[in-house]
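TrEMBL annotations:
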- 20-44: transmembrane segment (TRANSMEM)
- 51-71: transmembrane segment (TRANSMEM)
- 91-111: transmembrane segment (TRANSMEM)
- 118-136: transmembrane segment (TRANSMEM)
- 156-177: transmembrane segment (TRANSMEM)
- 189-209: transmembrane segment (TRANSMEM)
- 221-241: transmembrane segment (TRANSMEM)
Amino acid sequence: SGLLTVALGQIGNFLAYTAVPTVLVTPLGALGVPFGSILASYLLKEKLNILGKLGCLLSCAGSVVLIIHSPKSESVTTQAELEEKLTNPVFVGYLCIVLLMLLLLIFWIAPAHGPTNIMVYISICSLLGSFTVPSTKGIGLAAQDIFHNNPSSQRALYLCLVLLAVLGCSIIIQFRYINKALECFDSSVFGAIYYVVFTTLVLLASAILFREWSNVGVVDFLGMACGFTTVSIGIVLIQVFKEFNFNIGDLNKPNMKTD
């Protein structure tokens, strides 16, 4: 069930990337965690302690801050702009580094240390986000020109097919290692750490490719950083500390002194 939850969440995020800046969509994907916890506490009668409730509040508050300070417009709107940015030397260099790191993690580090170190599987899945998110956004842009009767429609079709292939491979590999991680580690701890690392690397890839941060001022940048930090803390409180038997009533108990 943990794999299905993560899978559905990522599919929903990928669909949203085609219409909204990545810097806004990716952090807001975490809202599924507090809403899921609240629904589970009422519908499934699962226990939600005071730390979990505080985490839900922090996640919602941080998300509001992210919405207020997010970029107001998309910087890449046409296929020509997309092709130009995909061939940018900085982005190509970034992808080469990511590929080298993935090869090292998958073929050398994961077989030896994956089952004992949670960061190995999380790093693989998060680095793959550098391909899935730009591919998803690129497919949405290229699809606009596929059905147009103009010379660029053929190029748009080839570009869309290539991006679909990259997206499909990335998702399949991600799900494989998510499943491996859920077999070896607690799903709550994995979910919290995975969200933070995945979001950070996806925002980095998006910033390099689409330059969504180029029109963000200092105040908005600090606001988004604070919002992301607040959401991350909320997710950790919900996921990692959900098994703690602690509630508001414990604060009212008098301290018992023993001689």
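Just so it is clear, glycine is given a Cβ too, placed from its N, Cα and C backbone atoms.
Here the transmembrane segment (91-111) has long-range neighbours at 85, 120-121, 123-124, 127-128, 130-131, 177, 205, 208-209, meaning same-chain residues at least 6 beyond its ends whose C-beta is under 8 angstroms from one of its own. Across the candidate stretches 118-136, 156-177, 189-209, 221-241, the maximum count of CB pairs under 8 A to the transmembrane segment (51-71) is reached by 221-241.
The highest tally of CB pairs under 8 A with the transmembrane segment (221-241), across 118-136, 156-177, 189-209, is held by 189-209.
If one looks beyond the transmembrane segment (156-177) by at least 6 residues along the same chain, the residues whose Cβ comes under 8 Å of a Cβ in the stretch are 3, 7, 10, 14, 79, 82-83, 110, 121, 124-125, 128-129, 131-132, 135-136, 138-139, 142-146, 148.
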